[in-house]
Structures are given as C-alpha cells and as structure tokens.
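Handing you a structure now.
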Amino acid sequence: MLDVNVTAGKVQAYSVNLAARDKSLDLIKWLALVTMVIDHLRILMPDTLSWTVVPGRAAFPLFALILAANVLRQPQGRWKTRTNSRYLMMLATFALISQPGYGYAWKHSAGNILFTLLLGLLLVLMVRHGKSNKASFLGAATLIIPVCLISDNLEYGLSGVLLPSAFLMALQKVGKVWWLLPAMLAAMANTSDFETGLALIIIPLQIIDMGEAKIYLELLVAIGGSLLGLWIKEKRLSLDIPPVGSWGYAFYPAHMGLLVLVHAAFT
C-alpha cells in the first residue's frame, strides 16, 4: 500500500500496478457472477427453483469485496481520479438501465443491487480517502443518514451499503478476526431489515426458533461467501483465468432481461 506522499516514480509504479490483472480478484468476480446467475434462475420457475436463493446469497458479499479491493489499491487521498469517476458513472448508468427488468422480475419497486453498490462505493471512497479520521467519519455520516431513510427501498438495505467499507477494514487490518466484521454484516444484509439482522447476529438461536432452515442456510452462505472471498484475495492465486472486464457492468441487466424474456415466453 503506497503512502499519500508518493514520488513520481511511485505514482508510475501505482499506475502499472492498477493495469496488472489480479487473478485472485478475477476469480472472485467469476464466483460473484456465477452465484448471481444461479440465484436469478428463480425468475424462470419461482416455485421449482426457489432453492437457488441459497447459493445466491454469496453473490452480493463478493461484489462488495470487489469494490473494497479495488479501492484499497488506490493511494490514500487520491480519490478525484478519472478511474473513480468512471467507476461511479458505470454503476449509476447500469443501475438505471437494470431497474425496469429488476422491478418486473421481482415484482417490487426497491432499488436493484447496483444502486446499493453505488452508495457502497461512495461510502468506501470516503472512508479510504478522508484526510483524517474525523473527515472520514463526517463524510460517512453525511451519506449514511439519508441512506437510513431509504434503506427499506434499497436491496440489502443499510447493511449492504456498509458492507464494502467493512471489507476494506478487513483487508487493511492484521489478523483474521477482522474478517468477522464483513461476514456478520453480510448476514445482516440478508435479513428483512437492519434491526432484525442485528437481533439474529446477537441472538442467533432466534433463527432456529423461527423454524426456517432455509433462512439459516442463506445466512451461512452469506457468511461463508464473505470468508471464502477474503481467503482467495489473501492467497493471491495465480490461476489462468479469463479476466472480467467492463462487460461485467452490462452483464447484470443483460442476463436479467434474458431471464425475464424466457419466463414471459413460456408463461
């Protein structure tokens, strides 16, 4: 991780570093895409394929980890960059494009996952690039307060917006105990609301009392997906795996639209 006060040589090294492919991160991207598609197969046959929601709970935590890993590669204080502007613009654009298909598929008006990731990216950039802890806190609070007001209309809610920042902390801190922070937050993101998620984490036996084994499995997969992603990122694997480039943004609305069309054609 480079210091804020970089020399010209270090800036050049940083640019080269960003250009290099991170094979571990590409593997995480593929896992996120595959588990997302498995999850969304429910669109075709909601009753028969309802089980796909269980493995699909790993997708969002992995996407949040990807955001955090990309932001961590940036030297602190260098947030006003063309890369970040493009990152935010791509998420915003494809979030808007995806919303009609998302609303039709799931029959509700909540904002899709890309809106959650967009807000999560804004927050993690504030946390990473705040010139001081106080500045980071004030910037984060400025964003979190309005998010609390709209969290019920946002997929994965407030927990989902906080998740990339939790992954950033886990990647920065020494010791795997910090991995529990995003893992628990990922579980909370998969509950109906922030308060319920917090209660389930504090008193996990409530899950069993609810008599819903499926809910229990979903939370375990969300936690397991978070920990697996962090493990892969730490190992720096050198696999010969195809990169996931900018086409990944378009994949979300494209696959969603295709599934909706196939479902409509056979119903």
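Backbone N, Cα and C atoms are what each Cβ position is placed from, and that goes for glycine too.
Feature annotation from TrEMBL assigns transmembrane segment to 51-72, 84-102, 108-125, 215-232, 244-266.
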Can you tell me which of 51-72, 108-125, 215-232, 244-266 gets the most C-beta pairs within less than 8 Å of the transmembrane segment (84-102)?
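The stretch with the most contacts is 108-125.
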Restricting to CB pairs under 8 Å, which listed stretch, 108-125, 215-232, 244-266, is in contact most with the transmembrane segment (51-72)?
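Highest pair count goes to 215-232.
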